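The annotation domain 'Orotidine 5'-phosphate decarboxylase' is assigned in TrEMBL to 5-225. Feature annotation from TrEMBL assigns substrate binding site to D11, K33, 59-68, T119, R180, Q189, 209-210. Taken from TrEMBL, the feature active site, proton donor applies to K61.
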Amino acid sequence: MRRCGLCVALDAPDLATAESWAGAVAPHAGLLKVGLELFSAEGGAAVRRIAAHRPVFLDVKLHDIPNTVAGAIRSLAPLGPAWITVHAAGGAAMVEAARKAAEAGGGVRPRILAVTVLTSLDAAALAATGVAGGPVQQVLRLARLAMAAGADGLVCSPREVRPIRDALGELPVLVVPGVRPAGSAADDQARTATPEQVARDGADWIVVGRPITQAADPGAAARAIAAALG
Ligand SMILES: O=c1ccn([C@@H]2O[C@H](COP(=O)(O)O)[C@@H](O)[C@H]2O)c(=O)[nH]1
């Protein structure tokens, strides 16, 4: 079975809070995620400082015309994130532009992760955006598009890990938010599963935020989830 690691989402309003979480969870996490809340508040300093604890997954979910996304990747790459997200729904030319911009910097380049269908959307919410056929079908469509356009990996929900492995094989790196330990609140996540299930299905990374950061002891919560991955 492939090894599945823990990425902790540091969704904090300021760097002091994020750094205290990072210190507590780093022994149990292989990646730390800087997302829109922290990056909007603290900018590049957030990436540089969190990278002192663990490699950073910079989850900014870029979605714009190819030229603009390429420029954003060129601006973000020198911060040194291991991964940067773009929305696969931005189209093949946009994903390809992101990959080329990441390569243009030379040295160790950020890897491009394509977000398929947000884990907060259930079938009805997705249909309301005009996409018929359900999340699995749309995730597979976007996964094929993004990988053909040069993405290094995909963000999907726990429910699509097995279907992606069956359809696309072992190559795509699969990064999976929407993971909830048994008994945890789903919060605003619609397509969820437990860490054990997601690891069994073939994910490379699970992304967990609130079940860890809002726990009384974030370090202990991270340790328990990492242990569940086997
Ligand atoms: O489809 C997606 C893409 C990204 N995310 C991000 O993952 C974390 C999940 O946090 P929880 O507190 O464990 O719900 C969060 O930073 C999201 O921006 C996602 O949930 N779904």
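Each Cβ is built from the backbone N, Cα and C atoms, and glycine gets one as well.
Those TrEMBL annotations? Automatic predictions, nothing curated.
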* So which recorded positions out of V60, K61, H63, P66 are up against ligand 1, CB under 6 A? -> none
* Structure fact -> Ordered by sequence, the long-range same-chain Cβ contacts of K61 (active site, proton donor) under 8 Å (at least 6 apart) are L36, T85, V86, H87, V115
* Just how many other Cβ atoms lie inside 10 Å of the Cβ on P66 (substrate binding site)? -> 18
* In three-state terms from DSSP, label V60 (substrate binding site) for me. => strand
* Mean pLDDT for the domain 'Orotidine 5'-phosphate decarboxylase' (5-225), as a whole number? -> 97
* Among the binding-site residues D11, V60, H63, T119, G209, which residue has the largest number of other Cβ atoms within 10 Å of its own Cβ? -> T119
* Asked: In DSSP terms, helix, strand or coil for P66 (substrate binding site)?
  -> helix
